[in-house]
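What follows is one structure encoded as structure tokens, with my remarks underneath.
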Ligand SMILES: NC(=O)C1=CN([C@@H]2O[C@H](COP(=O)(O)OP(=O)(O)OC[C@H]3O[C@@H](n4cnc5c(N)ncnc54)[C@H](O)[C@@H]3O)[C@@H](O)[C@H]2O)C=CC1
Ligand SMILES: O=C(O)[C@H]1O[C@H](OP(=O)(O)OP(=O)(O)OC[C@H]2O[C@@H](n3ccc(=O)[nH]c3=O)[C@H](O)[C@@H]2O)[C@H](O)[C@@H](O)[C@@H]1O
């Protein structure tokens, strides 16, 4: 019952199926049963309350009940990075073993978690080894492509549904479950489906790092990267999406999945040199522009910096691998004083202290600030009354890490505006 599990459960409830949400975290289960989400995701709270009422969804921390009562099981547990970069499969294995132990009839196990190539076979093996009696089952790879912040929309309107399976019965069952969703279904071998997921995330990360690296050149030569990507994106072979330069991609997936794919490549003695560079560019993008901005400001030392938007992207409270975290750490090392704002996300406790404070209102955050660094482009910032906000600031620098504010209007208001690759 994380981001993927809750969204998947509620979407199937919305499509009319009877769903049980299972999680080992009893507090999460209690809160979901009371209609409260344990994370912020637009639209899910409404569906949760609707389907608790319609009785299409309920929640439990009892794997025996959940597994026995259902013939189809979606596996949505986390696959975080292990210390060596590989995907840690301990949660996947744990659920597989629970399924094996508690199986009472035929089960279709659909793996939605992002898992390394050939995990499907391992899940089958883990279930088989845990079985106490020989019930038949299928394991299917059914990777998830939703984005946080638009999880519900993405799940109801996916570009494609990938089903990796060698079993016609299993494929037909999944097609039936998804029948009300208008999207092409691509049936592949399990390993191919697993690879499609990694290859897709890695490709999106590649697009971002490509423009981010170009943005450094644009910054030097006085060309606006946003104008460049606009022109590039008009070519339908390139497309306009995922070409927005910024302080780098964050989140629970691009960094983790790139590492996992690089690990798989290494295990197979193949070098994915492009993906290595994608990661490298991403890891240095924020610090590259922090250096540029530091020069413009004349140093961060003892300056008051307002950090706007700490989540890894707007419309989520997820801080996993958020670029803002490394930026705040860097600024603190430079002896800056930080005033932080986010509409939803809360500053992690390890960053709280004498020189960092989070405020509820934008006005309080900007009170006395010398500069603003925009890390995540919440609409609250784009639509803010900047003329009024300017009056509470000490100095007037805006460093737009997402190229989303209107630089021209801000300059007209008397701000010194700098974006990414956009002087
Ligand atoms: N977050 C996202 O936007 C997307 C994530 N994915 C993939 O989906 C998977 C899940 O990601 P998130 O939802 O973000 O993870 P998450 O960390 O939010 O949730 C994972 C949940 O699994 C629960 N769990 C752990 N062991 C369990 C067990 N034995 N039985 C039942 N529940 C157990 C945890 O308590 C937690 O609530 C990952 O592999 C991720 O790469 C794929 C597409 C989008
Ligand atoms: O596997 C996953 O977990 C998911 O990872 C991403 O989704 P998500 O990480 O939720 O969010 P994105 O919208 O992809 O943004 C990721 C990061 O890239 C950044 N980004 C995105 C687009 C862009 O043009 N430029 C850019 O810097 C965002 O600010 C954010 O930090 C993918 O978009 C989903 O398809 C996938 O299912």
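Even glycines carry a Cβ here, placed using N, Cα and C.
Keep in mind it's a predicted model, so treat the numbers as computed, not measured.
According to DSSP, residue 23 (NAD(+) binding site) is assigned to coil rather than to any helix or strand. Feature annotation from TrEMBL assigns NAD(+) binding site to 23, 28, 79, 114, 148, 256, 320.
For 145, 146, 147, 148, 197, 242, 243, 244, 245, 246, 250, 313, the entry in TrEMBL reads substrate binding site. DSSP assigns residue 147 (substrate binding site) to coil in the three-state reduction, placing it in neither a helix nor a strand.
Annotation source TrEMBL lists active site, nucleophile at 253. Residue 253 (active site, nucleophile) falls outside any helix or strand according to DSSP and counts as coil. The 10 Å shell around the Cβ of residue 253 (active site, nucleophile) contains 23 further Cβ atoms across the protein chains shown.
The domain 'UDP-glucose/GDP-mannose dehydrogenase C-terminal' annotation in TrEMBL covers 306-407.
Around the Cβ of residue 114 (NAD(+) binding site), 23 further Cβ atoms fall within 10 Å across all displayed protein chains.
Of the recorded residues, residue 245 (substrate binding site) and residue 253 (active site, nucleophile) place their C-alpha atoms 18 Å from one another. In this structure, the recorded positions that sit close to ligand 1, with a C-beta under 6 angstroms from any of its atoms, are 253, chosen from 197, 245, 253, 320. Helix, strand and coil residue tallies for the domain 'UDP-glucose/GDP-mannose dehydrogenase C-terminal' (306-407), in that order: 29 helix, 20 strand, 53 coil [DSSP].
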